[in-house]
């Protein structure tokens, strides 16, 4: 097949996206496909239409963060009739917005830590938040990934610094109760829950950007140290979160598990990283899958879905851009 890989983009996760894109490009080429990489810009709709006219069969999205993981590109590809891997526009948009996700989790009975919204019309103080959520607490921008803009705060000074950091990347911020315990992540491929991974940062208890992407920044424990009953609760909560948002293909659910082994869903990532230090490839490896085999399964899953729905197959679409050259 002729495959276009979208990598780079303009979000704060651009560099991670490039690493993901290069790894997926190699895997797709190893599978015998002809692969072209495009770095999205404002001309992306026209470029994709041109690629479709030139015989593009599939688009592999290797973007992370706003502009790639939030449903914008997915909606564009649906309109053009080009199949792609992963979740559709709605699930992508819901998962990208952590506040909306948490509201859906709460409505669906999925345990998620308590939170409060901070904005200019509701400028909560440290005392307000600590009284409601306890200390420490977590400050998060609503719509960024890779822990960009996230901080754990323990006093008024770090609270002010955390707000400044979060506001530098997003206008929508919330404060979340910190759950002590273990960091667990679940990779889910079309409803199949892969082996859970317990994340142990090399320094401290915070799985930040450096811990995620720097070699040696964290240790991935497979199998995790949860009891069978605790693991079952964790898997059930993760799968329910995946389904509540309407996810498809590969997604990763991040959770905290408290000392009583109660799971608390933090967020769902619909385009999880596929770098040498990423979690999903490690979970797949625990099943004996190579990186290339994981990519092949994701590709076949997407193609099967496109054939079943007819909504993401280039031959079935009459989408045009008027008289575009």
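One-based numbering along the chain as shown.
Glycine is no exception: its Cβ is also placed from the backbone N, Cα and C atoms.
Swiss-Prot annotations:
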type: BINDING; residues: 130-185; note: ATP binding site
type: BINDING; residues: 254, 267; note: Mg(2+) 1 binding site
type: BINDING; residues: 267, 269; note: Mg(2+) 2 binding site
type: DOMAIN; residues: 102-300; note: domain 'ATP-grasp'
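Here the features listed in Swiss-Prot are painted onto the structure.
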residue: 130; record: ATP binding site; CB count, 10 Å: 19
residue: 137; record: ATP binding site; CB count, 10 Å: 25
residue: 151; record: ATP binding site; CB count, 10 Å: 20
residue: 158; record: ATP binding site; CB count, 10 Å: 15
residue: 165; record: ATP binding site; CB count, 10 Å: 17
residue: 172; record: ATP binding site; CB count, 10 Å: 17
residue: 179; record: ATP binding site; CB count, 10 Å: 21
residue: 254; record: Mg(2+) 1 binding site; CB count, 10 Å: 21
residue: 267; record: Mg(2+) 1 binding site; CB count, 10 Å: 20
residue: 269; record: Mg(2+) 2 binding site; CB count, 10 Å: 22
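Under the three-state DSSP scheme, residue 165 (ATP binding site) falls in the helix class.
For the pair residue 267 (Mg(2+) 1 binding site) and residue 179 (ATP binding site), the C-alpha distance works out to 14 angstrom. Secondary structure at residue 254 (Mg(2+) 1 binding site), taken from DSSP and collapsed to helix, strand or coil, is strand. DSSP gives residue 130 (ATP binding site) a helix state. Mean model confidence for the domain 'ATP-grasp' (102-300) is a pLDDT of 90. When the Cα atoms are compared, residue 137 (ATP binding site) and residue 254 (Mg(2+) 1 binding site) turn out to be 17 Å apart. Residue 158 (ATP binding site) carries a helical DSSP state (H, G or I).
Note: the Cα of residue 151 (ATP binding site) and the Cα of residue 269 (Mg(2+) 2 binding site) are spaced 19 Å from each other. Each residue contributes its Cα atom, and for residue 165 (ATP binding site) and residue 254 (Mg(2+) 1 binding site) those atoms are 22 Å apart. Classification of residue 179 (ATP binding site) by DSSP places it in coil, neither helical nor stranded.
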